[in-house]
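S.K.: TrEMBL lists Thr35, Thr115 with the feature active site. Here TrEMBL flags Thr35 as active site, O-isoaspartyl threonine intermediate. Sequence annotations record features per position, and here TrEMBL assigns substrate binding site to Ser82, Thr115, Asp116. Per TrEMBL, the feature domain 'L-asparaginase N-terminal' maps to 26-171. Taken from TrEMBL, the feature signal peptide covers 1-20.
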Amino acid sequence: MKIRVFMATVLLLISHCVFSTTSLPHIVILATGGTIAGTAANNTQTAGYKSGELGVQTLINAVPEMNNIARVDGEQVANIGSENMTSDIILKLSQKVNALLVRDDVDGVVITHGTDTLDETAYFLNLTVKSDKPVVFTAAMRPASAISAEGAMNLLDAVTVGAGRHAKGRGGGGVVCERVGA
C-alpha cells in the first residue's frame, strides 16, 4: 500500500513538472453532481447537506490551478445525488465519454460523481468506453461549502492524473483524498 501511495505521489509530481504551457493536454470534466457539488446551510455542516447543487463551471472556477496542468472544459451531464443515478444517466455518460475520447483534441476525461454509486458507474464505463485515453473519476466526502471540503483538491488531482502521459492505456481510475486507484 505504501508503494502505491508513493507511486501516485511521484506520478503527480512528474505530471506537474513535465507540462509546458504551450502544449497543455485538453481535459474535459463531466459533472454528475454528488457531494463534491453539494452545499449546506453553514460551513460546519457535513451531514444533511444537499448534493448536486453546484454546476461544473463553479467547480472549475474554484480550482484555477488546473489551468497550469491542462486546458480544462466542463459539461454538466446531471446534477444529482448519486443515490438518484439511473441507468439512463449512466448510458448517456458512457456515450458522452466515448464521443469525447474519439476527438483528437481531447486527451482525457474527468468525471465528478457522488460516492454512493461511483463504483457501479465506473464499472459500467470500464465495460463500455472504447479508448485508451484516461477516464478518471473523483468525488468528495464533504460538501463544497464545508470548512474541511476536499473536493477542490480531489478535482485538481484527478485532472493532474488524467493529463499525465502515463495515464494513457491504464483503463479507468479514481482519485480521492490524494490516492489514485483503479
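Every residue, even glycine, has its Cβ placed from backbone N, Cα and C.
Predicted automatically and left uncurated, TrEMBL annotations should be read as such.
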S.K.: I'd like the number of other C-beta atoms within 10 A of the C-beta of Thr115 (active site), please.
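M.R.: Result for Thr115 (active site): 18 other Cβ atoms within 10 Å.
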S.K.: Across all the protein chains here, work out how many other Cβ atoms are within 10 Å of the Cβ of Thr35 (active site).
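M.R.: So the Cβ neighbour count for Thr35 (active site) comes to 28.
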S.K.: Between Thr115 (active site) and Thr35 (active site), how many Å separate their Cα atoms?
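M.R.: Answer for this pair: 8 Å between alpha carbons.
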S.K.: For the substrate site given as Ser82, Thr115, Asp116, which other residues of the same chain have their Cβ within 8 Å of the site's Cβ centre?
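M.R.: Everything else in range on the chain: Gly34, Thr35, Gly81, Glu83, Met85, His113, Gly114, Thr117, Leu118, Ala139.
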S.K.: Who sits close to Asp116 (substrate binding site): which same-chain residues at least 6 apart have their Cβ under 8 Å from its Cβ?
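M.R.: Result: Gly34, Gly81, Ser82, Glu83, Met85.
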S.K.: Express in Å, rounded to the nearest integer, the largest CA to CA distance found among the substrate-binding residues Ser82, Thr115, Asp116 named in the record.
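M.R.: Value for the max Cα separation, rounded to a whole number: 7 Å.
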S.K.: Just give the helix, strand and coil counts over the domain 'L-asparaginase N-terminal' (26-171), going by DSSP.
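M.R.: So the counts come to 59 helix, 29 strand, 58 coil.
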S.K.: If you count Cβ atoms within 10 Å of the Cβ of Ser82 (substrate binding site), leaving out that atom itself, what do you get?
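M.R.: Result for Ser82 (substrate binding site): 23 other Cβ atoms within 10 Å.
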S.K.: Taking the domain 'L-asparaginase N-terminal' (26-171) alone, what is its mean pLDDT?
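M.R.: The predicted confidence over the domain 'L-asparaginase N-terminal' (26-171), as a mean pLDDT, is 96.
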